[in-house]
């Protein structure tokens, strides 16, 4: 496929099997996409998708693996100070890997169902908790546009309350940092690297158009799986 990731399928296959390096450390590799980089146009340009995936997501994975290796060494040496110092790097880069792995699944080309309305129990839950899909989209877009700096806006399920929620997280914090019972169903990246080349500084236009390629089928499956 044109413009696909340069990461080899062999490497990806090993990662999916929990590939570990010679030192016994589990390493993480860049997940492949289910579509070509240009398949989400015109909502998201192929250039943005390629850079976002190959450069930004890969950087989080590289730094996450490095931090985990350093953590293993520091733990073995009983170096508590270094263990503590590494926590921020692990949270940031590990969160970046987790968030982006969800983000790619939250998107799909129009030809594969992108933008099709949610159905079934998720659609009913959206009506119950937000009034309508239109009101949910307005809430997500409003909170995403208002988020200062870089971060994410999420549609999640509070498993304890059995309620859908909209939350924002700063930087690369995963949704779970807002509550242990929160399960991400849909996450939208509002870092500038997700949209600036195409939308410049007009984040609301990016948020408006991304719904045209949202994969509600994936969100519905995640919702069903998370229900008790």
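From the backbone N, Cα and C atoms, a Cβ is placed for every residue, glycine too.
According to TrEMBL:
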- 52, 100, 189, 193: Mn(2+) binding site (BINDING)
- 27-107: domain 'Manganese/iron superoxide dismutase N-terminal' (DOMAIN)
- 118-221: domain 'Manganese/iron superoxide dismutase C-terminal' (DOMAIN)
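Within 10 Å of its Cβ, the residue among the binding-site residues 52, 100, 193 with the fewest other Cβ atoms is 193. Counting only same-chain residues six or more apart in sequence, the Cβ atoms lying under 8 angstroms from the Cβ of residue 189 (Mn(2+) binding site) belong to 52, 99, 100, 103, 152.
Across the domain 'Manganese/iron superoxide dismutase C-terminal' (118-221), the model assigns an average pLDDT of 98. DSSP assignment over the domain 'Manganese/iron superoxide dismutase N-terminal' (27-107) gives 62 helix, 1 strand, 18 coil.
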